[in-house]
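Chemist: After the structure tokens below, expect a handful of questions from me.
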Amino acid sequence: MFSIQQPLLVFSDLDGTLLDSHSYDWQPAAPWLSRLREANVPVILCSSKTSAEMLYLQKMLGLQGLPLIAENGAVIQLAEQWQEIDGFPRIISGISHGEISQVLNTLREKEHFKFTTFDDVDDATIAEWTGLSRSQAALTQLHEASVTLIWRDSDERMAQFTARLNELGLQFMQGARFWHVLDASAGKDQAANWIIATYQQLSGKRPTTLGLGDGPNDAPLLEVMDYAVIVKGLNREGVHLHDEDPARVWRTQREGPEGWREGLDHFFSAR
């Protein structure tokens, strides 16, 4: 059993979880965001998005100054008060976006895999794909340690592509709508564990953790949480955890921010 009282950390995915997958609306979650803010409970955003995108959204959601996890864990944006930590303001895991792009271009040219990366198109095209404004779409291209792409080949070729990436120390990860390539050592779980350890070091006590997500790439994050909310999502693969004890895992009936609210209601309102 746990409560909204400190120490508590809430880790949340964005698209399809805190934000509606299509409209990007988050208002159903607003009352809980306000309540958590008033209780001084950090809400740490975790996403495949770039840090530039997430800093914009963090401000919109009233969460500015808190740490966040970008690019599926390849980038950690540090909290404003963590200026003494090496690497401030961001810690980047593994190889850079530019190096990954070079690998992908080589694989495409020499082994003829079919895919389109965000680097291949302009912000107008990304805006069309995502429903974002052009200014917001431009932020999606500011990757530091990953590449986002649309797969345009067969499942058989995908298996071959994944194997080639693994040989090169990279991983191929499915998000809510797109695929992502990043260093094999990076992950939302690794980044979350680092943030949890930092809060523990600063406060002297390990915080209780609650995570919320809707896609396969959220599973590693939810596995390392004390409690998890699996928000009903659009992804056909869904989210499957090794430990789905009902005492610690809740699957919502609603999607997006309404599911986010449902998950918080389940774990806190009854306590």
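Placement of Cβ uses the backbone N, Cα and C atoms for every residue, glycine included.
Annotations for this protein, taken from Swiss-Prot, read as follows:
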type	residues	note
ACT_SITE	ASP13	active site, nucleophile
BINDING	ASP13, ASP15, ASP214	Mg(2+) binding site
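For each listed feature, how buried is it and what is near it?
Modeler: Look at ASP13 (active site, nucleophile): DSSP puts it in coil.
Residue environment of ASP13 (active site, nucleophile) contains 31 other Cβ atoms, counted within 10 Å of its Cβ in all protein chains.
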Chemist: Would you count the other CB atoms within 10 A of the CB of ASP214 (Mg(2+) binding site), including those on all shown protein chains?
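Modeler: Result for ASP214 (Mg(2+) binding site): 28 neighbouring Cβ atoms inside 10 Å.
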Chemist: Looking only at C-alpha atoms, tell me how far ASP13 (active site, nucleophile) is from ASP214 (Mg(2+) binding site), rounded to the nearest Å.
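Modeler: Here the two Cα atoms are 8 Å apart.
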Chemist: Please list residues from the chain of ASP15 (Mg(2+) binding site) whose Cβ is under 8 angstroms from its Cβ, counting only those at least six apart in sequence.
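Modeler: In sequence order, SER21, TYR24, SER47, LYS49, GLY175, ALA176, ARG177 meet the Cβ cut-off.
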